[in-house]
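Peer 1: According to Swiss-Prot, the compositional bias 'Basic and acidic residues' annotation covers 669-679. For Lys76, Lys143, Lys206, Lys567, Lys612 (among others), the entry in Swiss-Prot reads N6-acetyllysine, with the evidence type similarity to another entry. Here Swiss-Prot flags Thr87 as phosphothreonine. Per Swiss-Prot, N6-succinyllysine is recorded for Lys135, Lys206, Lys567, Lys600 (among others). Annotation source Swiss-Prot lists phosphoserine at Ser408, citing similarity to another entry. Among the features that Swiss-Prot reports, omega-N-methylarginine is placed at Arg513, with the record citing similarity to another entry. Sequence annotations record features per position, and here Swiss-Prot assigns region 'Substrate-binding domain (SBD)' to 442-679. Per Swiss-Prot, region 'Disordered' is recorded for 656-679.
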Amino acid sequence: MISASRAAVSRFVGTAASRGPTAARHQDGWNGLSHEAFRIVSRRDYASEAIKGAVVGIDLGTTNSCVAVMEGKQAKVLENAEGARTTPSVVAFTADGERLVGMPAKRQAVTNPNNTFYATKRLIGRRYDDPEVQKDIKNVPFKIVRASNGDAWVEAHGKLYSPSQIGAFVLMKMKETAENYLGHTAKNAVITVPAYFNDSQRQATKDAGQISGLNVLRVINEPTAAALAYGLDKSEDKIIAVYDLGGGTFDISILEIQKGVFEVKSTNGDTFLGGEDFDQALLRHIVKEFKRETGVDLTKDNMALQRVREAAEKAKCELSSSVQTDINLPYLTMDASGPKHLNMKLTRAQFEGIVTDLIRRTIAPCQKAMQDAEVSKSDIGEVILVGGMTRMPKVQQTVQDLFGRAPSKAVNPDEAVAIGAAIQGGVLAGDVTDVLLLDVTPLSLGIETLGGVFTKLINRNTTIPTKKSQVFSTAADGQTQVEIKVCQGEREMAGDNKLLGQFTLIGIPPAPRGVPQIEVTFDIDANGIVHVSAKDKGTGREQQIVIQSSGGLSKDDIENMVKNAEKYAEEDRRKKERVEAVNMAEGIIHDTETKMEEFKDQLPADECNKLKEEISKMRELLARKDSETGENIRQAASSLQQASLKLFEMAYKKMASEREGSGSSGTGEQKDNQKEEKQ
């Protein structure tokens with residue numbers, strides 16, 4: 001155990017068993033930066049070095065993802081290969097090991113529910129034992145398993161994948177979308193996260209970017225990004241609230257906009273509340289009604305449940321614009337009496353009754369955010385709605401009742417976050433110069449102290465980047481090391497908060513208790529990610545810190561996942577090359593056979609037979625296309641094309657000579673006729 005550096009020890013922290021630290025406040029407050037200093041650091045942080053190439057803004061969403069780039073002073077949302085501006089955050093693995101991302105993955109979910117991953121953002125940076133993960137296990141058809149580091153991972157066909165990997169596959173799709181538009185490699189990115197994400201979740205998101213091959217310049221909060229999208233072209237000063245209810249998370253942020261400075265005053269939220277919960281609530285209602293009417297329980301039938309899940313999502317969306325919808329699922333299941341069909345009418349009022357508790361859960365965080373920002377609802381000049389769930393009329397009414405004003409629909413709820421990320425990318429690249437973003441840390445940071453109490457060092461809603469230091473000392477004679485448990489959260493007891501890591505300070509020179517002065521510095525960067533360092537004030541030497549992470553991906557894990565992602569990218573490239581070669585070959589076969597039929601009278605029979613043999617060989621090659629390379633198929637197709645061109649060239653020459661022959665004989669007959677007429 002270590003004690004405070006002051007003569008009178010104010011309190012002991014940690015337990016004797018853990019040899020924990022003891023801390024004391026300095027007379028002038030924490031040995032760190034003042035609030036004004038935070039602002040200076042924040043401003044300086046945006047004076048980035050020159051960044052080469054475009055910076056893409058990516059909204060890595062729970063349900064859908066979106067990518068945008070800056071074009072001049074405007075952000076442009078990009079369409080994917082399917083022509084859509086948003087991409088489902090769905091990844092699937094087929095029986096033959098093929099990986100599908102986006103809409104192709106979503107389309108086959110009904111027939112492959114156990115190996116189709118959706119809403120995995122809810123697992124990112126979480127431990128397997130987290131209550132939210134245990135709840136999710138009961139609701140999804142795919143397997144969520146405990147990884148060797150205790151984190152929650154997913155399993156498909158016996159292979160384990162971290163949620164960061166699944167996120168990386170989606171990011172690779174977004175990267176590809178950007179590259180197709182830009183015409184060159186996209187390397188730099190700004191990725192958004194829910195404002196209420198903790199350090200582990202932010203780090204795991206950054207890892208996902210690294211695995212996908214992106215250089216993540218900044219991780220920014222989704223509501224803040226939406227505020228940038230809203231306020232970029234606004235000149236008036238005002239306080240705004242951003243109410244962000246997306247597919248998996250809920251955030252509320254209060255911001256003050258003044259002459260291009262976007263300062264977050266407070267943020268709050270719930271990282272396990274969103275559209276997925278609305279879908280799940282409606283699914284449970286449908287399954288319950290179906291059992292009441294037919295006596296059949298669908299809960300053990302994953303394929304039927306996936307159909308109901310998709311129908312529930314569709315009904316939810318329809319009820320935002322209609323007061324009633326029909327849910328029709330023919331041949332949903334069957335029992336001894338035959339097939340069972342689902343036919344149900346659902347009104348908007350019924351749906352609102354089913355999800356009313358979920359909507360109510362957004363109220364307390366909003367009230368807390370206003371309280372932390374020290375503003376009343378009359379001070380808020382605009383309420384911005386972000387996230388697909390804010391299209392629901394009941395949600396809009398709740399927001400209006402809460403803030404006392406009709407919410408603004410000035411931004412597209414699906415695209416605003418990606419647009420804001422692209423604007424932030426423009427700021428970092430130096431293309432956008434009149435914008436400054438001052439964000440905050442959403443959760444308090446501190447250490448475990450005596451009796452398991454959580455002692456805060458950096459309070460929530462502190463402007464970031466920020467740095468605060470505290471001096472510790474030993475609590476026993478001759479003590480050479482001490483363990484510090486760093487936590488993040490708002491609960492009074494450390495055990496109820498998120499354990500970020502256990503930091504063991506070693507190599508402390510043996511001395512009487514209270515003599516060594518070890519300055520431990522807690523630093524939160526502009527991404528909201530926590531760093532910890534320690535220094536012996538007596539010698540000026542940096543002390544060695546052994547970090548025992550409470551989970552997350554190691555450097556080796558990330559390197560392996562990068563290699564796997566590159567392997568998948570190479571496989572995708574080879575597959576695309578093979579598909580293009582097969583299409584080319586089939587086109588050549590079709591054209592050759594058509595021309596052979598058209599010119600059969602002009603072609604030598606033996607040459608035709610040779611060409612037919614070539615076509616047969618080509619068809620045999622295509623029959624085993626999955627084991628052939630695209631290059632082999634392309635070469636064989638080119639050979640067939642050359643052979644057919646030579647043959648048809650012969651046919652054309654023969655036809656031309658026949659035409660000339662018939663033309664000259666016809667001219668002779670005309671001359672004879674003319675002679676006869678003259679006579």
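Each residue, glycine too, has its Cβ placed from N, Cα and C.
In terms of burial and nearby residues, how do these features look in this structure?
Peer 2: Under 8 Å, Cβ to Cβ, and six or more positions away along its own chain, Lys76 (N6-acetyllysine) finds Ala68, Val69, Met70, Ala422.
In the three-state DSSP scheme, Thr87 (phosphothreonine) falls into the strand class.
The number of other Cβ atoms within 10 Å of the Cβ belonging to Lys135 (N6-succinyllysine), over all protein chains shown, comes to 13.
The secondary structure of Lys143 (N6-acetyllysine), as reduced to three states from DSSP, is extended strand.
Every protein chain considered, the tally of other Cβ atoms within 10 Å of the Cβ of Lys206 (N6-acetyllysine) stands at 20.
In three-state terms derived from DSSP, Lys206 (N6-acetyllysine) belongs to a helical segment.
Cβ neighbour count for Ser408 (phosphoserine): 14 (other Cβ atoms within 10 Å of its Cβ, all protein chains included).
Mapped onto three states, the DSSP output places Arg513 (omega-N-methylarginine) in coil.
Same-chain residues at least 6 positions away in sequence with a Cβ under 8 Å from that of Lys567 (N6-succinyllysine) are not found in this chain.
All protein chains considered, the CB of Lys600 (N6-succinyllysine) has 11 other CB atoms within 10 Å. Look at Lys600 (N6-succinyllysine): DSSP puts it in coil.
Its own atom aside, the Cβ of Lys612 (N6-acetyllysine) has 13 Cβ atoms within 10 angstroms in the protein chains shown. In this structure, Lys612 (N6-acetyllysine) is part of a helix by DSSP.
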Peer 1: Within 10 Å of the Cβ of Lys143 (N6-acetyllysine), how many other Cβ atoms are there?
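Peer 2: Summing over all protein chains shown, Lys143 (N6-acetyllysine) has 15 other Cβ atoms within 10 Å.
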Peer 1: Rank aside, I only need the closest one: which of the modified residues Thr87, Arg513, Lys600, Lys612 has its C-alpha nearest to that of Lys143 (N6-acetyllysine)?
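Peer 2: Looking at Cα distances from Lys143 (N6-acetyllysine), the smallest one goes to Thr87.
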Peer 1: Using Cβ atoms only, which residues of the same chain lie under 8 Å from Thr87 (phosphothreonine) while being at least 6 residues apart in sequence?
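Peer 2: Result: Asn64, Ser65, Cys66, Asn80, Val101, Gly102, Met103, Val170, Lys173, Met174, Thr177.
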Peer 1: If you compare CA-to-CA distances from Lys135 (N6-succinyllysine) to each of the modified residues Ser408, Lys600, Lys612, which comes out shortest?
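Peer 2: Closest recorded candidate to Lys135 (N6-succinyllysine) by Cα: Ser408.
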Peer 1: Give, as a single whole number between 0 and 100, the mean pLDDT over the region 'Substrate-binding domain (SBD)' (442-679).
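Peer 2: Mean model confidence (pLDDT) across the region 'Substrate-binding domain (SBD)' (442-679) is 80.
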Peer 1: Considering only the modified residues Lys206, Ser408, Lys600, Lys612, which residue has the minimal Cα-Cα separation from Arg513 (omega-N-methylarginine)?
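Peer 2: Looking at Cα distances from Arg513 (omega-N-methylarginine), the smallest one goes to Lys206.
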Peer 1: How big is the gap, in Å, between the Cα of Lys600 (N6-succinyllysine) and that of Ser408 (phosphoserine), rounded to a whole number?
Peer 2: 71
Peer 1: In whole Å, how far does the CA atom of Lys206 (N6-acetyllysine) lie from that of Lys612 (N6-acetyllysine)?
Peer 2: 56
